[in-house]
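What follows is a set of notes on a single structure, which appears directly below.
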Amino acid sequence: MTERSLNNLILASSSKRRIALLKQINIEPGLILPADIDEAPLKKELPKDYSIRMAKSKAEKIQSSNPNYFVLGVDTVVACGRRILLKAENVEQAEKCIRLLSGRRHRVYTSVCLLTPDQSKQHIRTVVTIVKFKRLSEQEIKYYLASEEWKNRAGGCNIQGLAGVFVLFLRGSYSSVIGLPLHETYCLLSNYFNFNLY
């Protein structure tokens, strides 16, 4: 298989966390283009299915206007049971999320979709990570909400910041919870691109 330059790769996201995670393994896409798509879940859609659909939709949206590129779409979903916790749009929604997760296990689904040029091939990987938060005090909830770290975060959670102290245990991929499963992403891209980890 011909190895290509990373200039032929588009990341369908403007997430600073995902860009930083890719740089961590020496991957710098040629282009970074956020995909504007409808992110509303379908009726009775399960969290894993939603994550896959979003990652695929982001990649397809960007590739529709850039057909000669490889496109990487990624989506992270926080779920409590079958309930999908979307990005909080205001402090009231953030409070509902953080109270729901307090003292409970939840799952974080991150799906990665790699489309080859003209969508000739489609590769999808989904990583599921189980996270349990401690039971939060009213003061902890108050301080976390005041920090505004919940903004633009799936489920209002930012375990790279203050919410990191809420985590009793994490079973799975830490990088996936942040926004990109590094192992799975590396395996997908190394089939097509020439880059060095060291």
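Cβ coordinates come from backbone N, Cα and C, glycine included.
For reference, Swiss-Prot has these:
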ACT_SITE  Asp75  active site, proton acceptor
SITE      Arg17  site 'Important for substrate specificity'
SITE      Thr76  site 'Important for substrate specificity'
SITE      Gln160  site 'Important for substrate specificity'
**Message:** Suppose we draw a 10 Å sphere around the Cβ of the residue listed as 'active site, proton acceptor'. How many other Cβ atoms does it contain, all chains included?
**Reply:** 27
**Candidate with sparsest Cβ neighbourhood (10 Å radius) among Thr76, Gln160, the listed recorded sites** = Gln160
**Request:** Translate the DSSP assignment of Gln160 (site 'Important for substrate specificity') into the three-state scheme.
**Result:** coil
**Item:** Length of the line joining the Cα atoms of Arg17 (site 'Important for substrate specificity') and Gln160 (site 'Important for substrate specificity'), in Å
**Value:** 10
**Message:** Among all protein chains shown, how many Cβ atoms are found within 10 Å of the Cβ of Arg17 (site 'Important for substrate specificity'), not counting that one?
**Reply:** 17
**Complete:** Cα of Asp75 (active site, proton acceptor) to Cα of Gln160 (site 'Important for substrate specificity'), in Å and rounded, measures 18
**Item:** Gln160 (site 'Important for substrate specificity') to Thr76 (site 'Important for substrate specificity') - Cα separation in whole Å
**Value:** 15
